[in-house]
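The following features are taken from TrEMBL:
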BINDING   Thr55, Asp139, Glu201, Lys231, Asp235  substrate binding site
BINDING   202-204, Asn236, 265-272, Glu288, Asn323, 344-346, Asn392, His399  NAD(+) binding site
DOMAIN    236-398  domain 'S-adenosyl-L-homocysteine hydrolase NAD binding'
Amino acid sequence: MTFDYKVADLGLAEFGRKEIRLAEHEMPGLMAMREQYGDSKPLSGARIMGSLHMTIQTAVLIETLVALGAQVRWVSCNIFSTQDHAAAAVVVGPDGSADAPAGVPVFAWKGETLEEYWWCTEQALKWPGEEGPNMILDDGGDATMLVHKGTEFEKAGAVPDPSTADSEEYAVVLSLLTRTLREEPQLWTTIGQGIKGVTEETTTGVHRLYEMHKAGALLFPAINVNDSVTKSKFDNKYGCRHSLIDGINRATDVLIGGKVAVVCGYGDVGKGCSESLRGQGARVIVTEIDPICALQAAMDGYQVSTMDDVVGIGDIFVTTTGNKDVITADHMAAMKHQAIVGNIGHFDNEIDMAGLYKTAGVERVNIKPQVDEFRFPDGHTIIVLSEGRLLNLGNATGHPSFVMSNSFTNQVLAQIELFVKTAEYPTDVYVLPKHLDEMVARLHLDALGVKLTELSKEQAAYLGVPVEGPYKSEHYRY
Ligand code: NAI
């Protein structure tokens, strides 16, 4: 295969390699996958296109997939989330050098334009001189969406019209599809037909998959990795508990203690974010639309209110909803001077950035990369992190290795399931069986010195569960 790639600077590879080495120790689940499957190589023949934040942790995932036999091409799933030293180290590979890279083709750098972002996704989906990818590993569903949209236009013989797009980003996607339809008319149909399945990392991507399946449009089976308990109840919660304040601190270094922090959404991500802000001494106010989550927030001791009611008292605002227009341009106009506004949900439309840019008289002052001050005509300003894109990856380095080891061990198991047992997965959206979820947790206990109590045969019979698990019914909620 031609070794094409595009990253910021291969000279950063040595630094990346050192951090990968440290991360491997903190990722016992992934290292156990290498141990268990390194010889049998169940992913031999797999050509995996990955679209997931190109971080140090993702580098360990990529090299695990390679150790299990896969060929891989990779992009980031966000324009700001790439760690350039991680991308360089993956391209160079453990045995290559900057002059003779011998790793995995990566198309990602921190600070892509939207055009560059979608160009990268296209490059990773095309396998020069090969049949094309046969697996997708997605985060947020952009790669999956591109294959589906492209196929849809090719089937309909329709030419996309970028001027009809409802966002700047979708206009870029439509322009890309217009070009590929002209240059390679059956590109996306061919790629789509070659895909055995996709494993999806996050809540928003999973939501898109269920919608497509409901509409009868899903082209291949999918495993919803997000809803493994060892993913969403750990990465979304404890990961964000760590990386939210890391992002706020690196961006602003403002003292969080004593401030009023408004967290929009009290799902898994919102729970972790609220806890971390409270841990720093902030007074946290939650907004919710779901009465169950609102009640949980209240019982956890948070004030629950609406954006309209608290917009004038918040010092820090964080959206965690996966929804759109949660903070509007009018909200931002009504905020205190130098209020901090950030999003940790997957897409940037939680905060109406488009509306803010269009607001008459608003002036943008760039403070440093991924930190902007917006000045309103009355003189007050707000500080927006990562242009409304997920701030924990834009302003900091995302979740730490140990929690990502849980998420990514689920990813590896899901890739093996779909690739090896393709016939057992007709097109639908699946979650991994519970015994694998429990196995992922088990693989992370020793590192934390956890001593697990073993059920006796009598106790197991009394509860009606096998001694070796699974221990909970499918409807148990953790
Ligand atoms: P979730 O579904 O558990 O929580 C979202 C919550 O937001 C729900 O409780 C929902 O009722 C609430 N909500 C929806 N609209 C709202 C509104 N207008 N106002 C207030 N609350 C509203 O989803 P989860 O797992 O917490 O994920 C949230 C987002 O974060 C998703 O986009 C997901 O993909 C993303 N995510 C980001 C991560 C990161 O590292 N930045 C990590 C994991 C997930």
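Backbone N, Cα and C define each Cβ position, glycine as well.
Caution: TrEMBL annotation is automatic and unverified by curators.
Recorded features from TrEMBL, shown on the structure.
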residue : record                 : DSSP class
Thr55   : substrate binding site : coil
Asp139  : substrate binding site : coil
Glu201  : substrate binding site : coil
Lys231  : substrate binding site : helix
Asn236  : NAD(+) binding site    : helix
Glu288  : NAD(+) binding site    : coil
Gly345  : NAD(+) binding site    : coil
His399  : NAD(+) binding site    : coil
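Note on proximity: of the binding-site residues Thr55, Asp139, Lys231, Asp235, the one nearest Thr202 (NAD(+) binding site) is Asp139, by Cα distance. The Cβ neighbour count for Thr55 (substrate binding site), using a 10 Å radius and every protein chain shown, is 24. Across the fold, the C-alpha of Asn236 (NAD(+) binding site) and the C-alpha of Glu201 (substrate binding site) stand 11 Å from each other. Put simply, the two farthest-apart Cα atoms among Thr55, Asp139, Glu201, Lys231, Asp235, the recorded binders of substrate, are 17 Å from each other. Of all Cβ atoms in the shown protein chains, 27 besides its own fall within 10 Å of the Cβ of Thr202 (NAD(+) binding site). If you compare Cα positions, Lys231 (substrate binding site) sits closest to His399 out of the binding-site residues Gly270, Glu288, Gly345, His399. Around Asp235 (substrate binding site), the same-chain residues at least 6 positions away in sequence with a Cβ under 8 Å from its Cβ are His399, Val403, Met404, Asn406, Ser407.
Of all the binding-site residues given, namely Asp139, Glu201, Glu288, the one with the smallest number of surrounding CB atoms inside 10 A is Glu288. Neighbour counts of Cβ atoms within 10 Å were compared across the binding-site residues Gly267, Gly270, Gly345; the minimum falls on Gly267.
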